[in-house]
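Positions annotated as compositional bias 'Low complexity' by TrEMBL: 11-47. Summarising the annotation, TrEMBL assigns compositional bias 'Basic and acidic residues' to 62-71. Residues annotated as domain 'BZIP' in TrEMBL: 72-129. Here TrEMBL flags 1-85 as region 'Disordered'.
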Amino acid sequence: MLTSPRTLEPITATIAPTAVVPTATATATAATSSGSKSPASSQSDGSPRPVGASGAGRQPARPHEDPDVVLKRQRNTIAARKYRQKRLDRIQELEDALDSVTRERDDLKLRLARQEAETAALKEMMRMNSGQPSDRN
């Protein structure tokens with residue numbers, strides 16, 4: 001027996017028969033096996049589309065919609081596309097800058113290591129010329 005999560009009282013419900021809506025996969029499979037395609041399960045280009053899936057694609061413009069609303073949606077779509085592209089461009093710029101700074105850092109590390117090695121060699125030469133023993137172990 002099921003209980004309500006809020007009140008922990010038993011849930012009593014009657015289940016009425018409901019219509020079975022085939023999924024896009026089942027419809028596509030049935031259409032392939034029967035040799036015909038259902039207009040509700042395929043797009044104009046013949047590719048299957050999900051039935052009732054939210055966000056599955058764009059809805060066609062409704063003929064009874066206000067032209068101002070349609071224009072606003074078109075502008076919004078263009079603005080969203082432009083924003084997404086701008087964001088991708090900014091990310092690419094940041095990645096390029098990161099690569100450049102990383103290369104510069106690596107070059108500076110290498111240059112520093114060479115300078116330190118040269119300094120150590122020159123100090124060793126000075127010790128040898130002055131007659132002092134080396135501090136090396």
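The backbone N, Cα and C atoms fix where each Cβ goes, glycine too.
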- Item | Residue counts (helix, strand, coil, in that order) that DSSP gives for the domain 'BZIP' (72-129) | 58 helix, 0 strand, 0 coil
- Averaged across the domain 'BZIP' (72-129), what pLDDT does the model get? Just tell me the whole number, please. 97
